[in-house]
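Record features (Swiss-Prot):
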type: BINDING; residues: 45, 48, 49; note: heme c binding site
type: SIGNAL; residues: 1-26; note: signal peptide
């Protein structure tokens, strides 16, 4: 292998590692933490959005209701809340991984009807 090819190969590996690093950070929480977060989703989120997430004080959070909404926007809403509404920000109690997990669960259609 020539020096140039070796350098390009190493650069490619470094770039791939850099691009995949955020995916490692976004790994799902441990199983015990997931159970805690699922409970929080049903009890805390469900107290405003309905136990089946079909709406109540807050809007519906069903898979259909969230269809087309950008994941990043949903994460920002859970993180910072919605000023002027009853929706609080959860960043004081939950970290980024927890919030991403909750949003992903809702996008997957949790809780199942």
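Glycine is no exception: its Cβ is also placed from the backbone N, Cα and C atoms.
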Cβ-centroid neighbours of heme c site 45, 48, 49, 8 Å, sequence order: 44, 46, 47, 50, 53, 56, 57, 58, 61
Binding-site residues: 45, 48 - member with fewest neighbouring CB atoms within 10 Å: 48
CB contacts for residue 49 (heme c binding site) [other CB atoms within 10 A, all chains]: 22
